[in-house]
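Here's the structure we're looking at; comments come further down.
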Amino acid sequence: MTQTENKVVIFLGPPGAGKGTQAERLAQEQSLTKISTGDILRDHVARGTELGQQVKPILDAGHLVPDEILIALIRDKLAGMRPVRVIFDGFPRTGAQAEALDALLEDLGAPVTAVPLLEVPDQVLIDRIVERGNQAQARGEAVRSDDNEETARRRQQVYREQTQPLIDYYAGRGQLYTVNGVGSLDEVYDRILKGMQ
């Protein structure tokens, strides 16, 4: 696939699975734009925008942001992008979001190319999230409001309840493949690439 062709990759997996890290590397190595709704929303919160003030309590509680807000953010990000070469990290999270994204991508002539699902045991996920917060604090950086054990466990539960239909959706379309998300960054990355072939 050349860099002038459309490529749409959707990373799935629970919070703390390493989606952001792996998506960043894949984006850099394959000239893709990484779209993280979480990063976009956190930026709005940090800047104190109207949207940021609207979603801050939702994010702090570990709940999912309403679909209409996320779809509008994605539509805005993809406007004018040709070819469409993107990685979605943290979106879609529900079947309704997947259907809305598919409709948007269909309008752009850029169907989903691959959907790697990173699988990591729950306790490993919790440990990673708490450690991420500890490391940020040790470096004197701002700690994400959701990088604590209680919120992390709630996010895992929300993920399981709301994302399973999404996994079924992409599996049914033959676009999903499972990746063992435990191991070194290079090991996991190599598994992702192998699954995309």
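Cβ coordinates are placed from backbone N, Cα and C, and glycine is handled just like the others.
GLY183 is the only one of GLY80, GLY183, GLY195 that Swiss-Prot places in the ATP site (with GLY16, ALA17, GLY18, LYS19, GLY20, THR21, ARG132).
AMP binding, as stated in Swiss-Prot, involves THR37, ARG42, HIS63, LEU64, VAL65, GLY90, PHE91, PRO92, ARG93, GLN97, ARG144; the candidate among ARG25, ARG153, ARG155 given for that site is ARG155.
For the pair formed by GLY183 (ATP binding site) and PHE91 (AMP binding site), distance between Cα atoms is given as 24 Å, rounded to the nearest Å.
Between the candidate binding-site residues, GLY16, GLY18, the densest Cβ environment within 10 Å is the one around GLY16. Helix first, then strand, then coil: DSSP counts for the region 'NMP' (36-65) stand at 22 helix, 1 strand, 7 coil. When the record's AMP-binding residues THR37, ARG42, HIS63, LEU64, VAL65, GLY90, PHE91, PRO92, ARG93, GLN97, ARG144, ARG155 are compared pairwise by CA position, the greatest distance found is 25 Å. For the pair formed by ALA17 (ATP binding site) and PHE91 (AMP binding site), distance between Cα atoms is given as 14 Å, rounded to the nearest Å. The binding-site residues listed here (GLY16, GLY18, LYS19, GLY20, THR21, ARG132) include ARG132 as those with a Cα within 10 A of the Cα of ARG144 (AMP binding site).
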